[in-house]
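The compositional bias 'Basic and acidic residues' annotation in TrEMBL covers 585-596. The compositional bias 'Acidic residues' annotation in TrEMBL covers 597-613. Look at TrEMBL and you will find 510-613 tagged as region 'Disordered'. Sequence annotations record features per position, and here TrEMBL assigns repeat 'TPR' to 22-55, 308-341, 342-375, 376-409, 410-443.
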Amino acid sequence: MHPEALSSYKAIVKNKMFSNAGRLKVNMGNIYYKQKNYHKAIKFYRMALDQISNAHKDMRSKIKHSIAVVFIAMGQYSDAITSLEDIMSETPNITAGFNLILCYHAAGDREKMKKAFQKLISVPLGISDEDKYIPPNDDTSSKMVIEAIKNDKLSQMERDLKARAEKYITTAAKLICPAMDASFASEFDWCVDMVKNSQYVQLANDLEFHKAMTCLRQKDHNQAKEILKTFEKKDSKMKSAAATNLSFIYFQEKDFDQADKYADLAMSADHYNPAALTNKGNTVFVKQDYEKAAEFYKEALRNDSLCTESLHNLGLAYKRLNHLEEALDCFLKLHAILKNSDQVMYQLADIYELMGDRQQAIKWLMQVICVTPTDPHVLAKLGKLHNDEGDKSQALQYYSESFRLFPCKIDVIEWLGVHYIESQFFEKATQYFERATLIQPTQVKWQLIEASCYRKSGNYQKALETYKGIHRKFPENVDCLCFLVRLSTDMDLKEVQEYATKLKKAEKMKEIREQKVKSGQGSTAGGRREGSGGSADSNHSSGSNRGERLSAKMRSLTVSNEPYEADSQKELDASYMDPLGPQIERPKTGAKKRVDDEDDFGDEELGDDLLPE
């Protein structure tokens with residue numbers, strides 16, 4: 001009820017009987033500030049300031065700070081700086097010092113930021129030594145008194161003031177360093193030196209830690225490791241945090257032995273550190289000792305029941321152990337904590353699929369699509385599940401949408417091409433196999449199917465040209481030569497005899513190679529020599545054998561930029577912890593997926609991502 005409040009204040013201010021009524025103009029200024037009427041707010045603040053004598057320094061300081069805040073809201077930083085500098089010269093306080101640094105930053109005055117930082121760390125807090133809470137002797141009454149005042153409102157106020165001061169100083173240091181043109185490291189070292197020589201010496205370790213985290217986010221792993229290794233002789237809490245982050249870095253670099261070493265060091269410094277336990281579990285996980293990994297994850301959860309990374313990874317460990325009920329329980333609990341996590345919902349769908357409940361799997365994947373509607377892999381997975389359920393129309397819809405979003409997913413292309421062949425839409429199928437040929441030009445089967453589509457659609461001339469192109473690339477492909485002989489015969493071409501001769505020669509070479517392989521199986525040494533010879537002959541193999549070898553080769557290839565899944569070397573993320581505050585900015589390792597072309601439709605082998613702490 002701002003208008004009514006202003007009317008009442010005006011009536012009181014006009015009454016001469018109230019000698020200190022001018023102070024109420026501060027309240028009127030506050031109301032105008034809330035109404036965003038900044039010019040009137042400044043006017044009333046200044047009127048109040050004029051009516052308060054210099055004897056009331058604290059009151060005048062607070063009004064000046066209010067004036068500065070209004071100027072900041074108006075974007076008039078130079079005016080705000082004038083008020084804040086006045087405060088810092090007369091009655092310095094932490095809040096005004098921090099706001100002064102912010103104003104210098106907004107104004108781009110870098111040197112003054114450093115000077116203001118020096119003033120900020122020299123502001124006395126007026127808090128007495130915490131030793132007063134330590135009983136001087138074994139006197140029972142003294143202990144009772146100290147126990148009573150240790151958590152009273154005054155001590156809570158002192159702790160809050162100290163925490164706020166440390167937050168402002170840490171934030172100011174983070175703000176100053178990136179603002180400098182000089183190297184980040186030298187500027188940060190300057191801030192650390194200033195803090196070490198102040199009353200906030202204990203913050204120096206936190207700032208050093210932040211420097212390491214910044215290097216880590218900038219992908220400067222070597223510098224981060226050097227800084228973190230200096231914490232090995234610090235107190236147990238900092239030592240554990242540093243070792244946790246070192247374990248994280250080495251894990252990302254796939255140096256699992258070093259990651260395991262520093263995970264052990266972090267646990268020895270602080271055995272109740274859930275991030276360290278999670279990292280230890282991850283290093284055991286990559287060694288495929290899933291039961292032991294699960295024990296570490298469970299211990300981390302006993303220390304911190306809300307450690308979502310450990311709960312997620314525990315579910316993955318149970319999944320690898322084929323304890324699907326336990327894995328399902330973990331991910332359902334995790335879903336209750338992380339309502340909209342697409343990764344959690346995807347894992348639930350995958351587990352239900354492994355349990356044979358396709359309907360539940362489809363239900364959870366539909367929820368994933370609500371969160372990430374443009375994920376081609378999830379759409380392809382929905383298409384596969386509907387296809388397994390016999391619902392071809394829904395499968396076609398999801399596979400088509402997946403292809404539209406990511407037209408390079410070979411199993412989706414293959415399903416769509418085969419679907420249109422079965423539906424006798426050969427021209428439509430040809431478009432997909434042309435795309436497959438572009439993606440995998442060394443796979444002869446796509447080109448053979450493309451030529452077959454031309455032949456079945458009645459475009460014999462195009463089919464003939466395609467087969468000739470295949471023959472030029474794969475001159476000893478028996479299937480291609482067979483179709484060339486047949487088409488040449490049907491079209492009464494003079495090249496029939498030439499292709500027939502090449503076909504006989506290719507079939508004979510195929511028989512010779514098969515005999516070599518059979519004879520090579522008689523002895524180990526002979527097998528090695530024949531294997532080497534077979535490798536040398538790979539460029540002259542028949543089309544079908546070449547296709548088999550290429551399929552085997554394709555199984556080892558990874559396709560990146562696909563969420564939720566990973567091959568065995570990509571699936572784990574380590575934990576790291578930042579003692580400076582909430583762990584918001586965390587290095588992420590992008591999940592990857594392995595495509596397993598074991599059959600014509602390239603069924604995918606699902607992997608799992610261990611979440612970072």
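Each residue, glycine too, has its Cβ placed from N, Cα and C.
It should be emphasised that the depicted structure is a prediction, and the values quoted were computed from it without experimental measurement.
The DSSP breakdown of the repeat 'TPR' (410-443) into helical (H, G, I), extended (E, B) and coil residues amounts to 27 helix, 0 strand, 7 coil. Residues belonging to the repeat 'TPR' (22-55) score a mean pLDDT of 89 in the model.
Secondary structure of the repeat 'TPR' (22-55), assigned with DSSP and counted as helix (H, G, I), strand (E, B) and coil, comes to 26 helix, 0 strand, 8 coil.
Mapped onto DSSP classes, the repeat 'TPR' (342-375) shows 27 helix, 0 strand, 7 coil.
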